[in-house]
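Swiss-Prot lists 6-420 with the feature domain 'Ketosynthase family 3 (KS3)'. Residues or ranges marked as active site, for beta-ketoacyl synthase activity in Swiss-Prot: CYS173, HIS313, HIS350.
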Amino acid sequence: MTRHAEKRVVITGIGVRAPGGAGTAAFWDLLTAGRTATRTISLFDAAPYRSRIAGEIDFDPIGEGLSPRQASTYDRATQLAVVCAREALKDSGLDPAAVNPERIGVSIGTAVGCTTGLDREYARVSEGGSRWLVDHTLAVEQLFDYFVPTSICREVAWEAGAEGPVTVVSTGCTSGLDAVGYGTELIRDGRADVVVCGATDAPISPITVACFDAIKATSANNDDPAHASRPFDRNRDGFVLGEGSAVFVLEELSAARRRGAHAYAEVRGFATRSNAFHMTGLKPDGREMAEAITAALDQARRTGDDLHYINAHGSGTRQNDRHETAAFKRSLGQRAYDVPVSSIKSMIGHSLGAIGSLELAACALAIEHGVIPPTANYEEPDPECDLDYVPNVAREQRVDTVLSVGSGFGGFQSAAVLARPKETRS
């Protein structure tokens, strides 16, 4: 892993769409205020479902600058990704036309792809699922795009003029972390000079809500949606579904400095592991997540003593929060009790594949502004979750090095380390 030390990769552009407001500034304002943006589902009639709450985005495709064609034919997840890619490129100050297009890469994560569009079209052509599709002429042209998640990274690649490596990463709820990890590797390995990377998911649709209902993973606290997402709280009863996108522009630090670009954070380390255990179950000792944390810190040439903040997966399920707490203790030892830990899912919900990138955006902004977002709705401690979860109120302090972790159904465990880019030690 030390082979990468000579190439330092930094984030020079950020684009965010999340519940609670459009843009990076609105996202950060919501997090630091400790406000929640979860509410009763309005995107469809969720009355028949067990969980009827979500973190929705007030999103107007035309108002966001998409063309009528993009607004009418792109899946919502694709729309979010394209808008965020545009915002990230603008924020970076980079003109893609000034870069060899073969040296621009794209890495976009998604857990459920274009499920919303697919769900909608299936209902339309099958009379709500009451009959099989017998007349293919009823299907819209973009049905194939809804069927394959590669359509998302294709549109982002076209937006960036990217002719280099382009990929979609789909590793469940770690997709957003993994996509950025892969994008970082493209630059470190010399396969790209610029990578537009991140993740998107718009899973608030009947089929996705039904899937999580079936395994009782989501909160049923429908009478109080603003307080339903309660990571690490003793009374948590599952996660609250969300939607969103975060996209970054990555460059080598020296190239960013040559053009006078602002660097939010350096991607120092990344690692991923699998528990090879169960579709939804987690081993209680947190070993695989702990191994990912240790490997990411090793690649970053950091230790637990260097950490100022941990952005937890913190989904709000009974087993995840216990498992994650155990992983922090296993990997960091006594230091785990001293490092502030928080979960932004308490405020914006769990946007599946997109959440890892949204959390990395929060980490980069924590470094930028010297503020740690809180864990909202934290009221009653769980004896098995006994760390400092930054309850309810943001905390101002210098933040130089941050760990962000993710856990996904299927056993995926990922970790990334971001650091203040002006640091010179390798």
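Sequential numbering from 1, following the chain as shown.
For all residues, glycine too, the Cβ spot is worked out from N, Cα and C.
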Looking only at the domain 'Ketosynthase family 3 (KS3)' (6-420), what is the model's average confidence as pLDDT?
94
Fill in the CA-CA distance, HIS313 (active site, for beta-ketoacyl synthase activity) to CYS173 (active site, for beta-ketoacyl synthase activity), as an integer in Å.
9
Those residues of the chain, 6+ apart, with a Cβ under 8 Å from that of CYS173 (active site, for beta-ketoacyl synthase activity):
ALA111, HIS313, SER315, HIS350, LEU352, GLY353, ILE355, GLY356, GLY406, SER407, GLY408, PHE409, PHE412
Active-site residues (HIS313, HIS350), the one with most neighbouring Cβ atoms at 10 Å
HIS350
Reduced DSSP state (H/G/I helix, E/B strand, rest coil) at HIS350 (active site, for beta-ketoacyl synthase activity) is strand
